[in-house]
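Working notes for the structure below.
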Amino acid sequence: MRTVYCGQLNLSHVGQEVMLCGWVNRRRDLGGLIFIDMRDREGLVQVFFDPDRQDAFARAAELRNEFCLQLTGIVRARPDSQVNSEMATGAVEVLATELSIINCSEPLPLDSNQNNTEEQRLKFRYLDLRRPVMAQRLKTRARISSFVRRFMDAEGFLDIETPMLTKATPEGARDYLVPSRVHKGKFYALPQSPQLFKQLLMMSGFDRYYQIVKCFRDEDLRADRQPEFTQIDVETSFMTATQVREVMERLIRDLWREITGVDLGIFPQMTYADAMRRFGSDKPDLRNPMELVDVADLVKDVQFKVFSIPANDSQGRVAALRVPGGAQLSRKQIDEYGKYSEIYGAKGLAWMKVNQRAAGVEGVQSPVAKFLGPQVIEQILVRTGAADSDIIFFSADRKNVVTDALGALRLKLGLDLQLTVTDRWAPLWVVDFPMFEEDGEGGLAAMHHPFTAPKDVDAQMLAASPTSAVANAYDMVINGYEVGGGSVRIHRGDMQQTVFGILAINEQEQQEKFGFLLDALKYGTPPHAGLAFGLDRLVMLLTGTDNIRDVIAFPKTTAAADLMTEAPSFGNADALADLSIAVVGKGREAMENGRS
């Protein structure tokens, strides 16, 4: 039906007869001629209908936007005065000789000027995907997947599929459960990742594995998260963490060069502790020049207790954030930033404007200056590198509150004041994460997952001091987004059982949930390490959008709903009975109300 795509026509096709298939993007009548912009997945081309071609011209009079059609025509060069430089095909046009209307279209429920809410776009996603920007994003996604496969194949990795119906294991989020009809009362879980299966593949002797795979997590959603998402999943045997990072960095560097033409260069490394101390985040955006600066030692003895109390507390922190040019901020704006910091637990912000640096304390403006004294103020100005027209924000509280609040403020100010350089890429590796973190209930949780190996300690040493252990883990960060994360895995049974014990997983629960893994660790398990990239997030970055739903063909909302198909839906009564499932409580009420 088609010999070439609309968007691929150029001057090399002049004089050729072509067959095109697509949609009417726009129709217009000009001086007895009918013109349409015809669209397919590759782009637009102008088609015109001459009254001398009576059959085609008569049919063209019936055309309306979004009619689906096939036509035959002759490619012609446009006169120089009519070349459209804003269209990729703007140097040519097609004189239609035959026209077939395949299907008509009702007026679209979406605004052609793109003044549509996201809910409208998701409700009529099949129409939203006709937009060139959406088509381009999905084409880029396909290019990325294809490039990854070629790279991994060339590096000797095997593409091996792992099960979608598996066993529920604690990996940090809630599982999506699938009831078994055959095994009454039992449930499969959709995998949060192929983590354990890829480790088992290493134990099976497949030393280089990869997979582009769907994963599922029942968690609260954000703009860059979905309940079902796609990972580029990788695992290796007999490779160190450094070697894994080298291969994966090369993959991303080559991918960026392929898609954007940009060379990312060698990725710097930063420890987790440095990232949190300097940037208030374990995924720092290095395009933003601002850094957090500790000043607790300078304010331990001041009369201002808001500063001195946390400065003398081992669990406290007093830090400053210098904002270049920030002295322009009004008092109202400063107060708004103080309220913003309260979202992250801070009790507000102290501030100091630097109007004339050379004048020392006389050149600053601050409601807390009188409590600090000239010597402390000068020390703060020196340490922060303050200059004329800067403002310095201060936060004093528990370490995590100060770090979170100033880290978030740094990002917001960077964008608000245009300090973040948005037209560059800033990749890095963050390494040496804590092995464990507090779970909020007096216990410990794995910072990554419970299969991550610690660095430089054996099982006995780990059990003796778990909170000081450093994980042999690493995250790749680009422009403030964690695009991938991985670790060296535990390959000894005693270490794995020790980690389970630290996480308060008793021996019975270990056997119930991980018995197959503990058994496998008895049979000559090789050292292994891996990583997983979020494909959706990579595509989001490479296509310049900030919403992951823009790069998934049929995404869910932030409420994990599909507005087009109206999923999830209530279960059929007979199907529920076959599965031995009874809906109770609020679910029962919702089901009855939904069907009434």
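Every residue gets a Cβ built from N, Cα and C, even glycine.
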Candidates Q211, Q226, the one Swiss-Prot lists with R217, D218, E219, E482, G534, L535, D536, R537 as binding ATP: Q226
Residues flagged as region 'Aspartate' in Swiss-Prot, choosing from 23-26, 195-198, 263-266: 195-198
Model confidence over the region 'Aspartate' (195-198), averaged pLDDT: 97
Pairwise CA distance, R217 (L-aspartate binding site) versus R537 (ATP binding site), rounded so that it is a whole Å: 15
Maximum Cα-Cα separation (Å), residues R217, D218, E219, Q226, E482, G534, L535, D536, R537 listed as binding ATP: 19
DSSP-derived class (H/G/I helix, E/B strand, else coil) of H448 (L-aspartate binding site): coil
For E482 (ATP binding site), the three-state class that DSSP assigns: strand
